[in-house]
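Student: I have a structure I would like to understand better, so I am pasting it below and will then ask my questions one at a time.
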Amino acid sequence: MISPLLVLAIGTCLTNSLVPEKEKDPNYWRNQAQQTLKNALELQKLNTNVAKNVIMFLGDGMGVSTVTAARILKGQLHHKPGEETQLEMDKFPFVALSKTYNTNAQVPDSAGTATAYLCGVKANEGTVGVSAATERTRCNTTQGNEVTSILRWAKDAGKSAGIVTTTRVNHATPSAAYAHSADRDWYSDHEMPLEALKQGCKDIAYQLMHNVKDIDVILGGGRKYMFPKNKTDVEYRMDEKAGGTRLDGLNLVDIWKSFKPKEKHSYFVWNRTELLSLNPDSVDYLLGLFEPGDMQYELNRNNVTDPSLSEMVGVAIKILKKNPKGFFLLVEGGRIDHGHHEGKAKQALHEAVEMDRAIGQAGAMTSPEDTLTVVTADHSHVFTFGGYTPRGNSIFGLAPMVSDTDKKPFTAILYGNGPGYKVVDGERENVSMVDYAHNNYQAQSAVPLRHETHGGEDVAVFAKGPMAHLLHGVHEQNYIPHVMAYAACIGTNLDHCARATAAGSPTPGPLLLLLALLPLGTLF
């Protein structure tokens, strides 16, 4: 067992040794603040261009505490203390807060929230692409209550569109971009109740291929939901659970191919080598399914068979940006959420750092002059870190003290509930006896649950590019796609675009700014 005095001594030593020499000079902080002030004053020159491109990064479960911890981890991976590091999203000039509740839930799920930030309408927990008039699991409440997403609005405007995720491509977040389902878990017809099938509802994988047939790029996991039941998986041939699940006998990959014009170049790939060997200039449509279910955690990823999120984003943008009318791209760092649910903070935070790399990749390939980029989360988690840790303390390390109640050490990272609750001989587990730095270590929790839960607090929204200033203050989550559509002149709110064209202005930016500042309902 670690001595309390030793822990305190180590903490004191770290505190003294990890203060960078430059930070001891008051002028360092004064100059830094003055530069930040100068940058802030530059923001008075608002970017009111029309957004040719819109990229939305969604960190599933990436609450503010996860953002902060990921920032520290990113710095520590570069051998720095970590706290002073900047994530790519930290560099965005505009930040807002998003209220995440579902219409029937104080603490939301990823389906109802996805409907909000993609379709512009709040919805019930567990439902995707439908209004709150649809009740979960009740197929017969779906018809007439469907709502469309910004992905469809972009396609209707002639733009290209893409979906990139580390989860299944028919998981909650991406499915709200194209599907209308009373239950987020209806991945294929195998998961659907007989009643729903008889009432005519279609599974989400089926809808992916049929609802918006010309999505240009689809990359992620979920291979097994596209093939007939018992069809052997191309990668895991000996694993029956990896095989096809469909009861209707359909091969949705073949159907996807059949919908593409013969003069276009369509490619289906299932591994990283195939993906990265493509020439994006000769690809019109791309479907990449790299795992039977969700993709592997970044820490567990096979570098031969599975691409990283940043690699998928790079390929997607190269293909999508060929359209002179621009594109909409949804990128989900979906396994941040899964790591937290499993109490595996190390997995979750490395997923967040990889999404940060993808944000940087997208930024290097686009310009804020014509590309609106929005980074946000659907909800938070009951994840926290504290314990008066010294500067530069490993984000996965111990607090510099022991509990004044049970006299045992504790890690800085803890969960409010989850699978990390462990009692040994009637007492809290002594973490000094386990490998708390292990990739799959489950951080201690206050309440025992098999799966840790979401948190209900607001999440951050980071924005840069045309009309990014419209994301400010505290907003309902469903406000987000309305801003993105307004900036890109897609969807239904197009009066400002038409007036700019009528005025003969080749760049309607100034008029967009004027309209953005006018009271609602003001007419010229």
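Using N, Cα and C of the backbone, Cβ positions are placed for all residues, glycine too.
Keep in mind that what you see is a predicted model, and the values were worked out from it rather than measured.
What TrEMBL lists as signal peptide is 1-17. What TrEMBL lists as Zn(2+) binding site is ASP60, ASP337, HIS341, ASP378, HIS379, HIS454. As annotated by TrEMBL, Mg(2+) binding site applies to ASP60, HIS171, THR173, GLU332. If you look up TrEMBL, you'll see SER110 marked as active site, phosphoserine intermediate.
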Student: What's the number of neighbouring CB atoms sitting within 10 A of the CB on ASP60 (Zn(2+) binding site)?
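Tutor: Its Cβ has 28 other Cβ atoms within 10 Å.
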Student: Does anything in the same chain, at least 6 positions from HIS454 (Zn(2+) binding site), have a Cβ under 8 Å from its Cβ, and if so what?
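Tutor: Sequence-distant Cβ neighbours: GLY61, VAL107, PRO108, ASP109, HIS379, SER380, HIS381, VAL382.
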Student: Give the distance between the Cα atoms of THR173 (Mg(2+) binding site) and SER110 (active site, phosphoserine intermediate), rounded to the nearest whole Å.
Tutor: 6
Student: Enumerate same-chain residues with a sequence separation of six or more from HIS171 (Mg(2+) binding site) and a Cβ-Cβ distance below 8 A; give 'none' if the list is empty.
Tutor: SER110, THR165, ARG184, TYR187, GLY220, GLY222, ASP294, GLY334
Student: Can you give me the residues near the recorded Mg(2+) site, meaning same chain, not ASP60, HIS171, THR173, GLU332 themselves, Cβ no more than 8 Å from the center of the site's Cβ atoms?
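Tutor: What remains near the Cβ centre is LEU58, SER110, ALA114, THR165, THR166, THR167, ALA172, PRO174, GLY333, GLY334, ASP337, ASP378.
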Student: Around THR173 (Mg(2+) binding site), how many other CB atoms lie within 10 A of its CB?
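Tutor: Its Cβ has 29 other Cβ atoms within 10 Å.
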Student: Around the Cβ of HIS341 (Zn(2+) binding site), how many other Cβ atoms lie within 10 Å? Please give the count over every shown protein chain.
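Tutor: There are 21 such Cβ atoms around HIS341 (Zn(2+) binding site).
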Student: Near ASP378 (Zn(2+) binding site), how many other Cβ atoms are within 10 Å of its Cβ?
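Tutor: For ASP378 (Zn(2+) binding site), the 10 Å Cβ neighbour count is 30.
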Student: I'm trying to understand the geometry here, so how far is the Cα atom of HIS341 (Zn(2+) binding site) from the Cα atom of GLU332 (Mg(2+) binding site), in Å to the nearest whole number?
Tutor: 17
